[in-house]
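Enquirer: According to TrEMBL, the protein has these features:
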| type | residues | note |
| --- | --- | --- |
| REGION | A:23-50 | region 'Disordered' |
| TRANSMEM | A:56-81 | transmembrane segment |
| DOMAIN | A:64-273 | domain 'Cytochrome b561' |
| TRANSMEM | A:101-121 | transmembrane segment |
| TRANSMEM | A:133-156 | transmembrane segment |
| TRANSMEM | A:168-195 | transmembrane segment |
| TRANSMEM | A:207-227 | transmembrane segment |
| TRANSMEM | A:252-272 | transmembrane segment |
Protein chains: 2
Amino acid sequence: MHQEAPAALSSAPLLFQLIQTSSGTEASTSRPARPKPGLRPGPNIKDTGSRMRGTLGLSLSLLVCLTLGLLCVGLACVWSSRFRGGFGWDGSGLEFNWHPVLMTTGLVVVYGYASVLYRVPMTWGQSKLLWKLLHAVLMLVALLLSVVGLCAVFDFHNKNHIPNIYSLHSWVGLCAVLLFAVQWGAGFSLFLLPWSPLSWRKAFKPVHVWLGGSILGLSIAACISGINEKLFFVLKGGNHSQPYSDLPSEAMLANSLGIVIVAFGLVVLYVLTNKRWQRPEAQPQDGAYAVS
Amino acid sequence: MHQEAPAALSSAPLLFQLIQTSSGTEASTSRPARPKPGLRPGPNIKDTGSRMRGTLGLSLSLLVCLTLGLLCVGLACVWSSRFRGGFGWDGSGLEFNWHPVLMTTGLVVVYGYASVLYRVPMTWGQSKLLWKLLHAVLMLVALLLSVVGLCAVFDFHNKNHIPNIYSLHSWVGLCAVLLFAVQWGAGFSLFLLPWSPLSWRKAFKPVHVWLGGSILGLSIAACISGINEKLFFVLKGGNHSQPYSDLPSEAMLANSLGIVIVAFGLVVLYVLTNKRWQRPEAQPQDGAYAVS
């Protein structure tokens, strides 16, 4: 079990909390010096400066992640509403327009936010169970948004007699959603239900982390191929419209959405793979990450 | 500096080497028990069994990685040669056919093989410099294959008056190749040239690892969107040919290529992210990974 923070810590100013929790992370990634009996180690100005820079780097990365995620949702909404006529649920192209917005929001942005939740320094001094629950709830929201996004495209296809699940985009996207559903079910059963054995949690944790990153990668590949496919479908030129190859404003906006999605994924993976930014008790050597 | 293996180890049978090197990895991920003075710790049957299973898992994963990579190259070659008319360098579609083969081979398969090179257990008892050189040479081969693959599509486009670099596929693919070139140059300068400071190597190592995985992810996204785009271009139906939506044999083969590329990427990332399978001296606590 990880140790609870003192009550005073939760009411301390944020910057103080950041430094305290960052100090915990640093200590867990390198073997701490053993203090002499009866003495508490005094503060080291160089170490404190380094830790503060580390936590500021994490906070900045999380801020970039938050901003890029909101930009993804905003660009997808502008594309569907301004260039594709808006939204509806009537089997027309307006229903299809939910597909890029919901898949980007659920499978990429909310998924990415839920992935980096444990890296938010203000969560480190608090009970992990609360943040596990929020992680699971956010992931469930992401999964439900993705399923509704799939329903939108299936319903649009069925009502317009367009075949389903033939393009590579659809194969990869469906793989991503199916793996996500399996990951959520397995994660819930193993890490939230109290009767799952500790040995199973420890064994499954690396698979959960690897599969989590892989699903994000698959989702991004599905988004890129989907945006690319849609632009080739709708920007054919003729009828007073410009072809995709002329890069009209719709193409510029949707291509930019793709690049922002890629940038968001890179920042999320950077935050997740940086060992200095792991939640303190999540170090492998204490074996406690799977218990709380 | 990491310790050189005894000369006898290099001539030992492979299975013995696997167990020996696996033992080194396990020891570096957990704090080893301090032996009593004058005593060498005896073998523990349970630990040896666990380590052997771990190394067998790694060897099996590397075998799957090798097989999937060869399958990717084979499927790309069959697609271009059997369904798209073969190869040429004459500005026709035959020149374009080099593009999927070379990008898949260079940017995904050779890149993936070079990424997992340090995880091959038989390299662990030998000088790292040799394997660093091979890593750099393989990555250079991957980069050159990708550049020739780009030349093929640019030349085809230019000779047929088709605009370049407008689709999201091309933007993502170009980002992947440019980041790869930057990564190779920075990696060569920092990790192979002897005068780069140790502090720079230690600081850049996590960025090198994160960017390495990200470039593979970008490359796979570019491949998926490229295969998808090409199939929509060529399988339009009419002229006694079936449309993409009917999933003719070409579509099945190229979609399968995309799925095998994804599977290859997932196995490579699994090998790279599994901490138990890291090269023994590559543990952060000894700080030696950047020196040899």
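From the backbone N, Cα and C atoms, a Cβ is placed for every residue, glycine too.
Worth saying up front: this structure is predicted, and the values here are computed from it rather than measured.
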Enquirer: Counting Cβ pairs under 8 Å that sit 6 or more residues apart, are there three or more between the transmembrane segment (A:168-195) and the transmembrane segment (A:56-81)?
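Expert: No, these stretches are not in contact.
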Enquirer: Between A:101-121, A:133-156, A:207-227, who has the most Cβ pairs under 8 Å to the transmembrane segment (A:56-81)?
Expert: A:101-121
Enquirer: Which sequence-distant residues neighbour the transmembrane segment (A:101-121)? Criterion: at least 6 residues beyond either end, Cβ under 8 Å.
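Expert: That would be 17-18, 21-22, 55, 58-59, 62, 65-66, 69-70, 72-73, 76-77, 80, 87, 128, 131, 134-135, 138-139, 141-146, 148-150, 152, 173, 176-177, 180, 212-213, 215-216, 219-220, 222-223, 226, 257, 261, 264-265, 268, 271-272, 277-279, 282.
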Enquirer: Taking all residues of the domain 'Cytochrome b561' (A:64-273) together, what is their mean pLDDT?
Expert: 96
